[in-house]
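Pulled from TrEMBL:
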{"type": "DISULFID", "residues": "30-62", "note": "disulfide bond"}
{"type": "DISULFID", "residues": "40-52", "note": "disulfide bond"}
């Protein structure tokens, strides 16, 4: 099952996440995009909503892809256990 849905590689290292003060619940496969978004927010001032829209969209898209991967793993596990029909 792990071969069908391999996790994406971690692009942000532990040191980068510590330096950027990334909260623990955001330290996943999309942490590198969260770091970019947070940096954009901090440097853009009051107009961050318009200037950082691309970074926010990229981060949300990455999180959605990770959510879909986890759902696919859960469905595969339920099929393997016989809880749902194949």
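Glycine is no exception: its Cβ is also placed from the backbone N, Cα and C atoms.
Counted within 10 Å of its Cβ, the other Cβ atoms near residue 40 (disulfide bond) come to 16, all protein chains included.
Here the Cβ of residue 30 (disulfide bond) has 23 other Cβ atoms within 10 Å, regardless of which shown protein chain they belong to. On a Cα basis, residue 62 (disulfide bond) lies 16 Å away from residue 52 (disulfide bond). On the backbone, the CA of residue 30 (disulfide bond) and the CA of residue 40 (disulfide bond) stand 16 Å apart.
Non-local contacts of residue 62 (disulfide bond) by the CB criterion (under 8 A, 6+ apart in sequence, same chain) comprise 29, 30, 33.
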